[in-house]
Amino acid sequence: MSNHRYHQGGNYMHPRMSYPHHFTYVSSCVKYMIFLLNFLFWLFGGLLLAIGVYAFMDKLKDGNGWVRFDTVYDVFFNISLVMIIAGVVVFSVSFAGCLGALRENTCLLKFYSMCLLMFFILEMTLAIICFVFPQYMNSFLEYQFTDKIIHSYRDDSDLQNFIDFAQQEFKCCGLSNAGYQDWSKNEYFNCSSPSVEKCGVPYSCCINATDISSGLVNIMCGYGVQEQSVAAASKRIWTSGCIEIVRVWVERNLYVIAGVALGIALLQLFVIYLAKTLEGQIDLQKSRWS
């Protein structure tokens, strides 16, 4: 039987497209790929949030129910709080992607793709600034963060552990071009301090902080080095600042870092493409129903 339809009088009408009853424009492959990717990030965001909350509560208990938030730097240098904020962002955005894909909700998918696009633009902007103006970034980091980080070394156990880890891994001491002399800005390591650590540096600056025979860390290995010349101090500790060491490390591994960054950027663009594709398919399906 012909699908062509005619008005009375013989006028031709355009044939109507017929679809199977179960036909849908929404691709199950696209839908569940977005769901699976975001479900993994949702779990990661929840784990990050849980670890951050646990660390923050532990710090709150150690500080007798008090944590300092006088400036924005107090928030930025609070590792547990940074983990909480990052966890909330990852958890919320990935949850919107999961639910938007599973329930075929275009509002949630638009929110999700917009967030990913904002992250992508911020990442590209930061990468371009670092690549085009490396010396400016170097100076900016030294000027903005050296004093704050050095001053806060003993105020926050999480920050202290992070600094110790960085100094040991990158074999550096301090942050700026002044190197190990940066620690003179800390109230415990300053030469005018009444502490036994005066004129010293943290043990993580030491070349051989761990005793090979006993396996114990000698926390006194950096005592008194600020009074020594660079040549004399270099026999006991790393003397270069971490910002310069990290910059040199990045230059040496530029192709690897660029490759990883490109891979992450392409993955983000691919997920944005999937989200926009699913949005379009849902709109087509809605138009069919209407």
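The backbone N, Cα and C atoms fix where each Cβ goes, and this holds for glycine too.
TrEMBL lists 32-56 (among others) with the feature transmembrane segment.
Positions annotated as transmembrane segment by TrEMBL: 76-102 (among others).
The transmembrane segment annotation in TrEMBL covers 114-137 (among others).
If you look up TrEMBL, you'll see Cys173-Cys191 marked as disulfide bond.
According to TrEMBL, the transmembrane segment annotation covers 254-275 (among others).
Within the same chain, residues 67, 78-95, 97-98, 100-102, 112, 158, 271, 274-275, 278 sit at least 6 positions outside the transmembrane segment (32-56) and bring their C-beta atoms closer than 8 Å to a C-beta of that stretch. Same-chain neighbours of the transmembrane segment (114-137): 93, 96, 247, 261, 264-265, 268-269, 271-272, 275, counting only residues six or more beyond its ends whose CB sits under 8 Å from a CB of the stretch. Around Cys191 (disulfide bond), taking its Cβ as the centre, 11 other Cβ atoms fall within 10 Å, counting all chains. Long-range Cβ contacts of Cys173 (disulfide bond) within its own chain (separation 6+, distance under 8 Å): Gln167, Gly179, Tyr180, Asp182, Trp183, Val201, Pro202, Ser204, Cys205, Ile237, Trp238, Thr239, Ser240, Gly241, Cys242. Tertiary proximity for the transmembrane segment (254-275) is limited to same-chain residues at least six positions away from its ends with a CB under 8 Å from its CB atoms, namely 30, 33-34, 37, 97, 100-101, 109, 112-113, 116-117, 119-120, 123-124, 127.
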